[in-house]
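What follows is a short report on a single structure.
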Amino acid sequence: MDVDKTVNQYYEQILKRNAGEPEFHQAVAEVLQSLKYVLHKDEHYAQDGLIERMCEPERQIIFRVPWIDDNGKVQVNRGFRVQFNSVLGPYKGGLRFHPSVNLGIIKFLGFEQIFKNSLTGLPIGGGKGGSDFDPKGRSDHEIMRFCQSFMTELHRHIGKDTDVPAGDIGVGGREIGYLFGQFRRMNNRHESGVLTGKGLNWGGSLVRTEATGYGAVYFVQEMMMAEKERLNGARVIVSGSGNVAIYAMEKAQELGATVVAFSDSSGYVSTPDGVDLELLHQVKEVERGRVSDYAKRIDGVTFHEKGNIWEVEADVALPCATQNELDGESAVILADNGCRYVAEGANMPSTPEAITVFRKRGIHFGPGKAANAGGVATSALEMQQNASRDSWSFEYTDKRLRDIMHRIFRTAQRAAAEFDAEGDYVIGANIAGFRKVADAMLAQGVI
Ligand code: NDP
C-alpha cells in the first residue's frame with residue numbers, strides 16, 4: 001500500500017465533504033500525519049473503511065434555541081451536539097457557549113475528544129456540543145433562560161449511558177446547574193450521571209473544577225522529570241484566566257513555580273513576582289471580572305492591552321485559552337526566550353506552524369489530547385461516583401487524577417518510542433489513542 005497516497009486521499013475526501021470547516025480539517029490533518037506511522041506497520045487499519053468511519057460523526061444534531069432576554073425581546077441562537085464515536089463508551093465531551101461556535105469548531109473538538117478519552121483508559125466515547133450564545137454581559141436570569149431552552153431540545157439526545165455533556169468555554173458550574181435542573185424537570189428523574197461538573201451537594205465530584213488545570217501541570221511535571229528537570233523555580237506563562245487557566249496557575253505555584261503572565265481576550269497581565277491567587281479567584285470567579293481589574297488592584301503588575309503574552313520570558317508555557325492562540329511566530333519568540341516546555345491546557349491552541357517550531361527548536365511539547373485529558377478523566381470519575389452513589393475525598397480523587405496523568409504520559413511516551421519518534425508526544429498520543437478506538441471499531445463490525 002502507498003501509505004502517503006492513501007492518507008492524502010482520506011484528507012482530500014475530508015476537505016470535500018466538510019467544506020468551510022478549517023478547524024476540523026486541522027484536527028484531522030494532525031491525526032492523519034501521525035497515522036502514517038501506524039499504517040506503514042499495520043495495513044489492516046486501512047480495512048473496512050475504518051479511518052473514513054472514524055472521521056465521520058455517528059450523529060450531528062443542530063437545533064434552534066429561542067429565549068427571551070431581560071428586555072422581553074426574543075433571541076435566537078443555534079445549538080449543536082456532535083456525537084462522534086461511542087465505541088468505547090457513552091459520548092463524553094463538553095458544551096461550549098461562545099459567539100465563535102459553529103459546526104466545524106464543534107466537530108474539531110469532538111474529533112479530538114475521541115482520542116483524548118481513549119487515552120484516559122476509561123470507558124468513554126467522544127462528543128462535543130455548544131452554542132453560538134455569548135454569555136458575556138448577560139444577566140443571571142438570561143443565562144438561566146438560555147440554558148433551559150437549550151436543554152429543552154438537548155434532553156432527548158443525552159443520558160447517563162448515551163451521552164454525558166460537561167462544561168467548556170462559557171459553561172461552568174452555574175450553567176451546568178441550570179442545565180441539570182431543566183433535564184431533571186423534563187424527565188422527572190434525578191439522573192446524576194447525565195452531566196458532569198455538577199455542584200458538590202447534588203452529585204458533583206471533588207477535584208472536577210480543578211482537574212483540567214491540575215492535570216496539565218501534572219503532565220508538565222512528567223515531561224520535566226523525563227528530562228531530569230523540576231517545575232520548582234520555573235517561570236510559567238498561562239494564557240487565559242478561565243477554569244483551566246486558574247487551576248493550572250494554582251497548581252504550578254503550589255509546586256514552586258512562578259506564574260509570570262496570564263490573560264483574557266482583551267490582553268495580558270505580567271506578574272513577575274507571581275500571581276496572587278486569592279485575588280485572582282475573587283476577581284474571576286466571584287466578581288466575574290476581567291484581568292485588567294486584577295491589574296488595577298495590585299502593585300508591580302502591568303496590563304498589556306491586546307499584547308502578545310508569548311513575548312514574556314519563561315521556561316514553561318501553558319496555553320489555556322482557545323484554539324490557534326499560539327502561532328509559529330510566537331513559538332519562535334518563546335524558543336528565543338529560552339522556553340523549554342509547552343503543554344496545552346486548551347484544545348488545539350498551537351497552530352501546526354507552532355508545533356513545527358517546537359520540534360525544530362527542541363521544545364518538549366504536550367498536546368492537548370494528552371495534557372488536558374485530566375478534565376474529562378475526572379468527569380469519568382464523577383460518573384463512577386454517581387453510578388455507585390458515593391463521593392470520594394479530595395485527596396483520593398486527586399491521587400486518581402495524578403495516576404491517570406502519569407499513565408497517559410507513559411502511554412504516549414511508549415507509543416512514540418515504539419514508532420521511532422522518541423519524545424514526540426503528538427505522535428505518541430495520536431497513535432495510542434487511535435489504536436484502542438480502531439481495535440474496538442474493528443471488533444464491533446461495520447456500523
Ligand atoms: P473558560 O470559559 O472558563 O475560560 C476561557 C478563557 O480563555 C477566558 O479567559 C477567555 O477570555 C479566554 N478566551 C476564550 N476565547 C478567547 C479568544 N478567542 N482569544 C483570547 N482568549 C480567549 O473556559 P475553560 O477554561 O473551560 O476552557 C479553556 C480551554 O480549555 C478551551 O480550549 C477548552 O476547550 C479547553 N478545555 C477545557 C476543559 C474543562 O474542563 N473546562 C477540559 C479540556 C479542555 P475572555 O473571558 O476574555 O473570553
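Cβ coordinates are placed from backbone N, Cα and C, and glycine is handled just like the others.
According to TrEMBL, the protein carries these features:
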type     : residues                              : note
BINDING  : Lys92, Gln113, Lys116, Gly167, Ser379 : substrate binding site
ACT_SITE : Lys128                                : active site, proton donor
SITE     : Asp168                                : site 'Important for catalysis'
BINDING  : Thr212, Asn243                        : NAD(+) binding site
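Apart from Lys92, Gln113, Lys116, Gly167, Ser379, the substrate site neighbourhood in this chain, defined by C-beta within 8 angstroms of the site C-beta centre, holds Gly93, Gly94, Asn117, Ile124, Gly126, Lys128, Ala166, Thr196, Gly375, Val376. Following the DSSP three-state reduction, the secondary structure of Thr212 (NAD(+) binding site) is helix. Ser379 (substrate binding site) has a Cβ environment of 28 other Cβ atoms inside 10 Å.
Its Cβ taken as reference, Thr212 (NAD(+) binding site) is surrounded by 31 other Cβ atoms within 10 Å in the chains shown. Among the recorded positions Asp168, Thr212, Asn243, not one has its Cα within 10 Å of the Cα of Lys92 (substrate binding site).
Cβ neighbour count for Lys128 (active site, proton donor): 30 (other Cβ atoms within 10 Å of its Cβ, all protein chains included). For ligand 1, the neighbouring recorded positions among Lys128, Thr212, Asn243 are Thr212, Asn243, by Cβ distance under 6 Å. On its own chain, Gln113 (substrate binding site) has Phe84, Lys92, Gly93, Gly126, Gly127, Lys128, Val376 as residues at least 6 apart in sequence with a Cβ closer than 8 Å to its own Cβ. Classification of Asn243 (NAD(+) binding site) by DSSP places it within a helix.
Under the three-state DSSP scheme, Lys92 (substrate binding site) falls in the strand class. Cα of Asp168 (site 'Important for catalysis') to Cα of Asn243 (NAD(+) binding site): a distance of 9 Å.
Spatially close to Asn243 (NAD(+) binding site) yet at least six residues away along the chain are Gly167, Gly172, Thr209, Thr212, Gly213, judged by Cβ distances under 8 angstroms. The maximum pairwise C-alpha distance among Lys92, Gln113, Lys116, Gly167, Ser379, the residues recorded as binding substrate, is 16 Å.
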